[in-house]
Amino acid sequence: MIFSEETFFSSDGYLVLSDGTFYEIEILSLSQKSYAGVVALGEVVFNTVLTGYQEVVTDPSYAGQFITFTTPEIGNYGCNFHDMESDRIWANAVAIRNYSGVRSNYRGEKSLLALCEESNVPLIQGLDTRALTRHIREHGAMPGVIGVGDPRELAKFATSEHSTDNKDLAAVVTRGNSFEVGEGPLVVAIDYGMKSSIIRYLAGRFRLRVVPATTSGAEILSYGPAGVFLSNGPGDPSALTYSNSQITEVLGKVPLFGICLGHQLLARAIGATTYKLNFGHHGGNHPVSRLSDQVVEITSQNHNYAVDRDSLSLAYGKSTITHVNLNDNVVEGFSLDDARAFSVQYHPEASPGPHDSLYLFDLFAKEVRSA
Amino acid sequence: MSPRAGLTPTFNIDLRNKFKLLGGIRLAARTDIRSVLVIGSGPIVIGQACEFDYSGTQACRVLSKEGYRVILANSNPATIMTDPDFADATYIEPLTLAVLEMIIAKERPDALLPTLGGQTALNLAMELNAAGVLERYGVEMIGANALAINTAENRELFKNAMDELELRVPRSGFAHDMEKAISVAEEIGFPVVVRPSFILGGAGTGIALDSEEFLEIASFGLSASPISEILIEESIAGWKEFELEVMRDRADNAVIVCSIENFDPMGVHTGDSITVAPAQTLSDVEYQMMRDAAFRIIRRIGVETGGSNIQFAIDPTNGEMVVIEMNPRVSRSSALASKATGFPIAKIATLLAIGYRLDEIENDITKVTPASFEPSIDYVVVKVPRWAFEKFPGVSSRLGTRMQSVGEAMAIGRTFTEALQKAMRSIELGRYGLGGDPLDKPLDLLGLDEVLNLATKATPSRIFEVESALRKGASIELVYEKTKIDPWFLFQIRKIVDEKRFWSDLAVDDEGDSIDSLKDQITRKDLLRAKRNGFSDAQLGYLTNTSETLFRELRSKFALVPGYKTVDTCAAEFEATTPYHYSSYDGESEVTLGDRKKVIILGSGPNRIGQGIEFDYCCVHASYALSEAGYETIMLNCNPETVSTDYDTSDKLYLEPLFPEDLNSVIEAESSGLGGGNLAGIIVSLGGQTPLRLAQGIDPSLILGTSADAIDIAEDRKRWSAMCESLSIPQPPGGTATTFEEASKVVAEIGFPVLVRPSYVLGGRAMEIVYDLEEFEAAFSRLSALSAEGGEASMRPVLIDSFLEDAIEIDVDAIRDQDGGFLLGGIMEHVEEAGIHSGDSACVIPPITLPPQIQQEIVQTTAKIADALLVVGLINVQFALKAGSLYVIEANPRASRTVPFVSKATGVPLVKIASLVMVGRSLKELASEGILPVAVDRDYYAVKEAVMPFSRFPSADTLLGPEMRSTGEVMGIDSTFALAFAKSQLAAGTSLPSSGKVFLSLADRDKASGVELARRLRALGFSIAATSGTAKLLLSFDISVDDVVGKIGEAQDDELDAVSLISSGEVGLVINTPRGRGPRSDGYHIRSSANRYKVACVTTMSAALAGVSAIEALKDNKMTITSIQEFHRSISKGSR
């Protein structure tokens, strides 16, 4: 069957931001439910991808956040097993303009609402997502609350403790166990909240051992890896107190590749600093200039923190900026030539997003094989 | 390459600073070329409309701004791009190989940009290349080179290229003759699609279900293809269809600007499909697979710089993807994608062609980000085509792979339902949305099975049949089975159906007390939900059996007004400075009101026959002129093809339906709050009938220029006649009638022949000339049956006028100011006699047969009418001259279709002057400022010729008549009338023969002038074939006839049959002037054969005589070319 319909219910409520701004919303559910008071708390961010809501909501990097999709029609093609980026939704809520009660796709195994309910994450619709996006663009990502009742009362719950600042969310989302997948030279991947698609791309090139976020550098080296990968993950890099020693222990000994949070952690490990962007980069259309040949890569992005450009120049050895964001000049990639390490802020694995940067996995493979 | 080769920086850049540096400096543009030839797309035809004026205008502006000398060739005078300001040398000349070679030889451009003028420009560029012209004059093709164009356009090469990329294309084979065609079709198995190579908009394309259909379609296809090649291909009807708009620069950066999903599955041409942007039913995995394929295709085909459109189909059952085709140029879809995203594809394609890279170009809308990105949009865009089947009786309205629509409307909403309903009320069919209006009734009366049966066939009304079926309780599954329309779309329509049910359940029985209880029942929440699903107040009024007014009141009570969102390319991620807005009921409004005095200009909506690019030209010029005069200009229009809906044409653009409620909301938004007092008024007289109809609902004090009352006088037969009488202006006798009895009385008074027509219609819709009582009865019943097209035509009386046979028709465009100042724009003498719709008739400036005192009388009468109507702005008056007496046929106190032609022919910016007059300037003031022209004698003639869409409708009757059917126009301009007429024919695609055989079949009343015609043809060395009656006549005047042609089906053994004569290819010109019409008449067979076999066919004696003059002129003179700038310079010299 190429489509299937579902019946769902809605209850009126509010999405309230910490500054008191509020929006009328509907909380959706597969069975009739009544809500009262606070339903969810989290940091409100927006994502501008046009396709790939399933990959976005199952990306562990969204832990602790409310994901708002700017594209208005969501749920159209359902969800399916293959496009999961982890085994659940890690965000605290999914906020959209309009939910489709029909999923029309031969792969539409499950509805988005069902996926949200399995993860116990509220799906809300009917809000003016554009107004919310404009608000966040101007005032920055901020804590928010979804609930039923007087919005002024609800606003009191949206406190700064619900922002992602200073929180080690990687420790929350990391897979608890260590496992191996794939064939070839051994690469150890530190799972700070690693997306399944990254595992797929690496396992297609290496024997990949995925280890939990807090695994020590010594333990990583004990596997005798030919390369180490620093994964993406949620939240504030400064909150991962263990990563500096973890990374410096392996840095220079084996080739190293980092993506997103992994990129920020690598920067911090060499003494550079990270800062919080006003509202982050969340989308699938950011132009990044590869400085070596001026080629523009259209990239998939999802981060609220970034590496400070000036601090990088003062950091360890010879670090060179390799990629910059053409929209706002944010550092999108750097390399440490002496240490055979490089990292990018954006997501070469896409999922969702353009495949323009998949070459980075091959680059890492070359590096690993030549080591 | 070393492992880190991709990661070593060269330099670091700050983009904001870079843009500052770029301001006005040609950093990256090519300096080895200094002049560029741009080829436009010629007349508006089906498949090629205003979108190429939009793209060509952008191209010319960009090239000029970048400092190149721009040479433009386009035969269409109604375009913005052919205004003298847009190029250094503008040639309004026929778009033929020979003419373009002359232009190249004269202007010696360094480069040719062929990708902005549709298929016409692309084909001409290929011809120039093949003929060695480009090489001979050292002209480089930029944008796409000949090899790339050929690989994309030649289906065999394209298929091979796709095979190389391991991308699947539908199974197919090529044939150059019928024998091969049959073997290929049998190998693939029916059904098959037949596509002729190198054709525009899918002309000649069709699906054959069996071998019988195949024989017909394949032979037509072989003759339609300029290289006699057809592709026979596996039918994938029922698959989902998608399009991607791709841009690529010289550094190989590539981006997708927009994805488009077709509502109608494969099998319906994308130009005839309802389309949606962005694609709605693709997962990221599927979308990225398509994106990857698109990049591989554009690279393999070799389009190095610029935009391309690539079409894909997906099997909904398993996701299998096939590549359908690629257009290596800016296309209709590119225009749609530009308007849908705010990404100016044509402009950027031009910049890329002259050497810029995507990341060196600023995104106009955000000003801080580069063009090397992929727009993200936070709304849904729906495009709905507009057809004109009602103009072609007997033509099937079945949609297929050959495009038949004449225009389109686009709407933007925050949800699909909102956008769809807005689109349905933008399309000007009198709908209030997706049904929920009186036009639902015919389907309401049918049973579910009947409605479902109708919906199985793709026709213009299918979406209403789908809606009706769902309303009658059909399941999504069942409707999907019947239509293969994606269930997601069906679900959305059912959402509208559910909403309708909610409101019909509340319907009141009568107009009594229950309205009050209804008012109490309606909650803000319910009303908001309906508005968010795109419902208009009129729909809700109809559904509840109350009124639009009631819902307007309720909205006001609940403070429900639409908010205006911004199209910003980035889903609000960056601040946008470009004011391009659409309405939604989401809440927040982003519109800011300026402190300048402002004017709202109402556009002309979707292209229709009778209302096309001419009116967009007028609206755009008003915007330019008033902006220059210091006004904030606000454009309201819903036609995505146009220049007027370009975000930088006006100070503010509302992409909204031209529908009373949507207009009122814009007026309210622009009148409220700070700066709200600055609305100087609304211009309703430049966009054709559409804004005029809206004018009736606007506060009269807001209408700029001529009053709504004056417009009503001109349209209301009784008031108009009374006025003419009081002014002693003669008009053909006539009257009005609402019943047949009344009508018969009028006819008894004035006698046959008579002209009958409904009032307040466009393009002579349903207008007929009848010669006897029997025809009259039939015509009257057709008129009564005519449903209310675009409003309430059926409630208006029928007009009956005495028809002036053999009269010369004359059109005048003029301007009057509020002080009574008067400016003549031009007097156009029609080539065809009165009775042929002025839009379908050729005409010439200056007049060629009108004596000075008649011309003087025309001017005086026009001024008198303008005074009486208190016209402020443009007025068009039509006259008929019969036996030395002048009659007024009608007056339109507004911009007419001929205004752009007159402006091009005379060099006088009529719309600019009229716009300034409308905001209160006087002609006297304008004259003192040098804006008005000085009266001069011109030593050239400009001929406008209509272009007919008959090649799209092989079974249509090509006989011209009082109902307009042309889609576009061309202009021929030269030193004599005959030469100018010859050029106009060439430009219109009518190839007048210089030798060979002419086939004459003349109506009795034309036989006298037919003798002269035949003599001149003989003198030119033509042989003559004639039908028996005509032959007898000619022989009696000692003119020899080479072939006598018998009546069809009755031809004797020794006589030729007209159809076989025409199909033999011997005849170069058919002259058939019939009386009476009908599908079975001989004349019809003669004309449709000529249409089918592409033989020039003239249906009036006056046009035939002009044609012979043209042939004579071409025999004696070599054709020369002159730019519009040269013509206009000759005027200003002459005036000194």
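Glycine is no exception: its Cβ is also placed from the backbone N, Cα and C atoms.
All TrEMBL annotations are machine predictions without curation.
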Q) Of B:Glu749, B:Glu890, which one shares the ATP 2 site with B:Arg757, B:Ser802, B:Leu804, B:Glu809, B:Gly835, B:Ile836, B:His837, B:Ser838, B:Gln878 in TrEMBL? A) B:Glu890
(Q) Return the average pLDDT for the region 'Allosteric domain' (B:990-1136) as a whole number. (A) 84
Q. Given B:Gly835 (ATP 2 binding site) and B:Val268 (ATP 1 binding site), what distance in Å do their CA atoms have, once rounded to a whole number?
A. 37
Q) Across the record's ATP 2-binding residues B:Arg757, B:Ser802, B:Leu804, B:Glu809, B:Gly835, B:Ile836, B:His837, B:Ser838, B:Gln878, B:Glu890, the largest CA-CA distance in angstrom? A) 18
Q) Can you count helix, strand and coil residues in the domain 'MGS-like' (B:990-1134) using DSSP? A) 69 helix, 27 strand, 49 coil
Q) What same-chain residues, at least 6 away in sequence, bring their CB to under 8 Å of the CB of B:Gln311 (ATP 1 binding site)? A) B:Glu241, B:Phe242, B:Glu243, B:Thr270, B:Val323, B:Ile324, B:Glu325, B:Met326
Q: Return the single residue from the binding-site residues list (B:Val268, B:Leu804) that has the minimum number of other CB atoms within 10 Å.
A: B:Leu804
(Q) I'm trying to understand the geometry here, so how far is the Cα atom of B:Asn327 (Mn(2+) 2 binding site) from the Cα atom of B:Glu234 (ATP 1 binding site), in Å to the nearest whole number? (A) 20
Q: Sorry to bug you, but what's the C-alpha spacing from B:Glu890 (Mn(2+) 3 binding site) to B:Leu804 (ATP 2 binding site), rounded to the closest Å?
A: 14
Q.
I'd like the number of other C-beta atoms within 10 A of the C-beta of B:Gly835 (ATP 2 binding site), please.
A. 21
Q) Could you tell me the C-alpha distance between B:Gln878 (ATP 2 binding site) and B:Glu890 (Mn(2+) 3 binding site) in angstrom, no decimals? A) 5
**Q.** Those binding-site residues listed as B:Asn327, B:Gln878, B:Asn892, and which of them has the most Cβ atoms within 10 Å of its own Cβ
**A.** B:Asn327
Q: Return the member of B:Arg757, B:His837, B:Glu890, B:Asn892 nearest to B:Glu234 (ATP 1 binding site) in space, with distance defined Cα to Cα and candidates limited to these binding-site residues.
A: B:His837
Q) Same-chain residues six or more away whose CB lies under 8 A from the CB of B:Glu890 (Mn(2+) 3 binding site)? A) B:Ala714, B:Trp720, B:Val877, B:Gln878
Q | Nearest of the binding-site residues (B:Arg757, B:His837, B:Asn892) to B:Arg155 (ATP 1 binding site), judged by Cα-Cα distance | A | B:His837
